[in-house]
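Participant: What Swiss-Prot shows for this protein is this:
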BINDING   Leu13, Ser14, Gly15, Gly16, Leu17, Asp18, Ser19, Thr20, Thr21, Cys22, Leu23  ATP binding site
BINDING   Cys197, Cys206, Cys209, Cys212  Zn(2+) binding site
Amino acid sequence: MAKRPTKRAVVLLSGGLDSTTCLAVARRDGFEAHCLSVDYGQRHKGELARARRLSRALGAADHRVVKVDLSAFGGSALTDRAIAVPKGRSGRRRAAEIPVTYVPARNTVLLALALAHAETLGAEDVYVGVNAIDYSGYPDCRPAFLRAFERLATVATKAGVEGRPLRIHAPLLRLTKAGIVRLGTSLGVPYRVTLSCYDPVRGRACGACDACVLRRKGFAEAGIPDPTLYVQK
């Protein structure tokens, strides 16, 4: 009997809670996962080392880090140390405004890199861990953005023109953070290794930035112990 061809997918992996859960979902879905992390000049580079560990732990086929320096443009607290990372924002503020931690065009750039990697691999699937429920209000984490990028990929690539359009999977898009934590826990995600914090202190999560607040909320609402060591209790 002929061997069935391997299903390959590129998984954007930051080393945080969402993207790591997304990797576990891709593996559950039967894909050979090719993880792509991007060093875009972020101040929280510690996540890249976590991503490598997590890719191995969850059985990825490989893990690649690509450098694209978005800090050259500035404009975000995540790439410019002169801009303070907001701490202690309320849920109402998160819903009402786009914070200074938004990195201009970041997800457009990351998905473009994933698209290029997928096309060279002969993969037709990309997984991304964006979320539009418990999130910081970024415009490039919304369903309309993902649909638009998928259409772009169809007309912008050799594969798409030849009738093999790219599929973008965003399995966490409409889950609460608690739902994401429950899903990842059921799939064996080692959350103690993940790092979500925007402003870590000597490798430890600050406990007060948007990412930490949402992470803590997710574990609390899921009723699952949070293994994270926070600087601010």
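Glycine residues also receive a Cβ, built from the backbone N, Cα and C atoms like all the rest.
Can you tell me where each of these features sits in the structure?
Facilitator: DSSP gives Leu23 (ATP binding site) a helix state. On its own chain, Leu23 (ATP binding site) has Val11, Leu13, Ala33, Cys35, Leu54, Ser55, Leu58, Ala60, Tyr127 as residues at least 6 apart in sequence with a Cβ closer than 8 Å to its own Cβ.
Cys212 (Zn(2+) binding site) carries a helical DSSP state (H, G or I). Cβ neighbour count for Cys212 (Zn(2+) binding site): 23 (other Cβ atoms within 10 Å of its Cβ, all protein chains included).
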Participant: Once near-sequence residues are set aside, which residues in the chain of Cys209 (Zn(2+) binding site), 6 or more away, have Cβ atoms under 8 Å from its Cβ?
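Facilitator: For Cys209 (Zn(2+) binding site), the qualifying residues are Val85, Pro86, Lys87, Thr101, Cys197, Tyr198, Asp199.
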Participant: Taking only same-chain residues 6+ apart in sequence, whose CB is under 8 Å from that of Ser19 (ATP binding site), what do you get?
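Facilitator: Sequence-distant Cβ neighbours: Val11, Leu12, Leu13, Ala51, Val128, Gly129.
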Participant: For the binding-site residues Leu13, Leu17, Cys206, which one has the sparsest Cβ surroundings, going by other Cβ atoms within 10 Å?
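Facilitator: It is Cys206 that, of the binding-site residues Leu13, Leu17, Cys206, has the fewest other Cβ atoms within 10 Å.
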Participant: Out of Gly15, Leu17, Thr21, the binding-site residues in the record, which is closest to Cys212 (Zn(2+) binding site) when you go by Cα distance?
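Facilitator: Answer for the nearest of the binding-site residues: Leu17.
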Participant: For the recorded ATP site formed by Leu13, Ser14, Gly15, Gly16, Leu17, Asp18, Ser19, Thr20, Thr21, Cys22, Leu23, which further same-chain residues have Cβ atoms within 8 Å of the site's Cβ center?
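Facilitator: My list of surrounding residues reads Ala51, Leu54, Gly129, Thr194.
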Participant: Out of these binding-site residues, Gly15, Thr21, which one has the fewest other C-beta atoms within 10 Å of its own C-beta?
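Facilitator: Counting other Cβ atoms within 10 Å of each of the binding-site residues Gly15, Thr21 gives the minimum at Gly15.
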